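Copied from TrEMBL, the annotated features are:
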- B:LYS218: active site, proton donor (ACT_SITE)
- B:LEU24, B:GLY25, B:CYS26, B:GLY27, B:THR28, B:VAL29, B:GLY30, B:THR31: NADP(+) binding site (BINDING)
- B:LYS118: NADPH binding site (BINDING)
- B:GLU203: L-homoserine binding site (BINDING)
- B:366-440: domain 'ACT' (DOMAIN)
There are 2 protein chains.
Amino acid sequence: MTAQPPPSPHETASAPATVRVALLGCGTVGTQVVRLLRRHSAEIAARVGAPVELVGIAVRSLDADRGPDVPADLLTTDAEALVRRADVVVELIGGTTTARDLVLEAIAGGAGVVTANKALLATHGPQLYAAADAAGVDLLYEAAVAGAVPVVRGVRESLAGDRVMRVLGIVNGTTNFILDEMTTGGHDFDVVLARAQELGYAEADPTADVEGHDAAAKAAILASLAFHTRVSLGDVDCEGITGVTAADIEAAREAGGVIKLLAIAERVEAGSRESVAVRVNPVILPDGHPLAGVRGAYNAVVVEAEAAGRLMFYGAGAGGAPTASAVLGDLVAAARHRGQGGRAPAESAYAELPIAGPEHVTSRRQIRLAVEDRPGVLAHLATTFAEHGVSIETVRQQAGDDEAATLAVVTHDAPESALRATISALRETPGVRELLSAYRVERA
Amino acid sequence: MTAQPPPSPHETASAPATVRVALLGCGTVGTQVVRLLRRHSAEIAARVGAPVELVGIAVRSLDADRGPDVPADLLTTDAEALVRRADVVVELIGGTTTARDLVLEAIAGGAGVVTANKALLATHGPQLYAAADAAGVDLLYEAAVAGAVPVVRGVRESLAGDRVMRVLGIVNGTTNFILDEMTTGGHDFDVVLARAQELGYAEADPTADVEGHDAAAKAAILASLAFHTRVSLGDVDCEGITGVTAADIEAAREAGGVIKLLAIAERVEAGSRESVAVRVNPVILPDGHPLAGVRGAYNAVVVEAEAAGRLMFYGAGAGGAPTASAVLGDLVAAARHRGQGGRAPAESAYAELPIAGPEHVTSRRQIRLAVEDRPGVLAHLATTFAEHGVSIETVRQQAGDDEAATLAVVTHDAPESALRATISALRETPGVRELLSAYRVERA
């Protein structure tokens, strides 16, 4: 006979009630969620403090082949009825109409919600957060920003006692892959894009990725979280990577850096009021910067906080299993709260900061110019910078050909308005043939 | 007249009760906690959902000068009385006796506890976790592992639905600083240690850092968390950096890598049972590894999980303000739970995995040998490796002098027992003058 362990003081006569989970959508991520839930059911139950049961999977068609991980008897086309039977609803159908209706219905019925739907949050976030708040239920979305990278929880919970000053991240794997390939192979954008499309790393219509729209949606979510204020997609100043050339990348490399597409959200002063500026644009990162080494389809987000200093969160930005891992982390939290009470920190917009336009941002630029290779040109250029109050950190002359030279000027920090005026004036400065590029440069 | 906003559905007639916080200890971190609590009181109240009031600061002497951030009227030498008046107790006094008694008293009184005391957890963790569990209160300790790096919350919450396979981290800033300086300057250990002591980066008695004991305590905490099992300091196989030479670092650099002191915890098979192996030792990291670029006093932890793949958490590993940021993140969580109900995920050891000794680990090694520079030596060596079933990935000959050469052999993955037998046999192999080093090598 084996001695029984003494009952824990919290143990009650009845077993804890099973937490019923409904899954809406069963594509790449959904299939992985089902697989992991089944495979790790004992561990998940231990972490939740109660058994977790997948009670149904809503799909559009019952006929599609979903492989051996998805039990056919859980499939249903009646998503609404399924939602009514669940304690936690995992929304993975995408889109903003049916998804919104089902999420609202789940919340109204008192269920916690986990979603990976960035578009839904960007479009209907405030309505959904308010509904979750009124019902006192969780609405969690770690998987909607940068896949498995646990930056949502990090910003919302780990930094809850700090003051975030700046967030900058590589949050789109497709563009990071393309820039990486351009850097490694020395090819131009079009060549690498075509290759990425062949390999399935870029969509047939790559607009959302290469124009920065996908990154902008994530930037809006991160900025809202980090600054406890409302930032929507339209507030993001957005520039993609279609204009990045092999020559630009080579020039960055010569200056000891790499070009990355960054989402940047920061506190700025605008008209003496503290404001938030959010942008997506290609930036030169010096090699020592923690984001400079983020390769291929990985994502990473640096958060600069007043007390913590610089933190970085790094991981797989997409993919079925990594995204499912993020979904399940949220699912365990929502299920635990259902069983044991409590609730994750709700969304908050108490800070109500105004959005500052790009003209209020301060930055450094690397300005590359094709100039005539004759005496006096540099003096003209230097005068143009000085007249606009922009001071120069370094000037480097790069390889040129017949009577032309390429100059790369890196400025000190300067207001965007002064930089724009300088760039306009440079085009008219004697000896300047062409303005080649004017990337922002981050500090290591 | 301004229109009043409509009352939120959760607003009640009475204001939420103030959460009373007691601070035990007021050194470098404590002073920063006080400063941040006062400076950000409005934001912290918004995140907690109730005002947070610092009701007292227990110190040993009332006379010490603590600067302008610490209000003298909050100081007391009666820590026990203070603990009884608090809803959340922040323990920053260090040590394992008084700290344990006060933490147990706080828990018994129903207060949530936040601590940065790694030694306390390493010594009395199980007793404290059990007490917190019995009382249903929080016991949070983000700041005890790697300062501001939010890896405790990441492993416990973000990966709650995943299965961690391996954790590897740079968790000691002093040794990372020393190895970094050795790498940059080409100096030997003793020279750099003396310099680090002068600069205040290393203690007068540097044993705990340079012998790896500090990293081992953190490794034990991380392993317990990641594998939901009990790992104590004595379970960690520990080797420090006192034996690392400038020549070792140069040899690693020639092979495209750097030497870092890593804490590594992983699942291994031992006698066909799943077990956990935990070690601290200097390792060669190839330049492409995310931890290879972690410089100076920064810390970073890579977590390899079954579904999420590789995640990394990076940030300041020590310092008053960064550590205070981590303390405050926990404080906000504990205060929120006091006001609104709920509790952070408790410690769990349900997996009850056995600890595997170092002989059960599989790894690659870079084995450097001083050998006679004559025909046949390489054949002898190759035979020795083959006889022990260790296969060779690369062999490189490095600069030698009169009739001697240095060979650097990198093996494929092999069981530790086979590697140890190979190393013993190599010392007896004809033509081998000396075994110079045998570092483990991680994969990019």
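First residue shown is number 1, and so on along the chain.
Using the three backbone atoms N, Cα and C, a Cβ is placed for every residue, glycine included.
Summarised by DSSP class, the composition of the domain 'ACT' (B:366-440) is 23 helix, 33 strand, 19 coil. Summary of the NADP(+) site environment: with the site residues B:LEU24, B:GLY25, B:CYS26, B:GLY27, B:THR28, B:VAL29, B:GLY30, B:THR31 set aside, the chain residues having Cβ atoms within 8 Å of the Cβ mean position are B:LEU23, B:GLN32, B:VAL33, B:LEU92, B:ILE93.
Look at the recorded positions B:LYS118, B:LYS218 and count other Cβ atoms within 10 Å of each Cβ; B:LYS118 has the fewest.
Taking the Cα atom of each, B:THR28 (NADP(+) binding site) and B:GLU203 (L-homoserine binding site) are about 16 angstrom apart.
A gap of 14 Å separates the Cα atoms of B:VAL29 (NADP(+) binding site) and B:LYS118 (NADPH binding site). Counting only same-chain residues at least 6 apart in sequence, those with a Cβ under 8 Å from the Cβ of B:LEU24 (NADP(+) binding site) are B:ILE57, B:ALA58, B:ALA79, B:LEU82, B:VAL83, B:VAL89, B:VAL90, B:GLU91, B:LEU92, B:ILE93, B:ALA99, B:LEU102. For B:THR31 (NADP(+) binding site) paired with the residue listed as 'NADPH binding site', the C-alpha to C-alpha distance reads 19 Å.
The candidate set comprises the binding-site residues B:GLY25, B:GLY27. Of these, B:GLY25 has the most other Cβ atoms within 10 Å. Of the listed binding-site residues, namely B:THR28, B:THR31, the sparsest CB environment within 10 A is found at B:THR28. On the 0 to 100 pLDDT scale, the domain 'ACT' (B:366-440) averages 92 in this prediction. On the backbone, the CA of B:LYS118 (NADPH binding site) and the CA of B:CYS26 (NADP(+) binding site) stand 17 Å apart.
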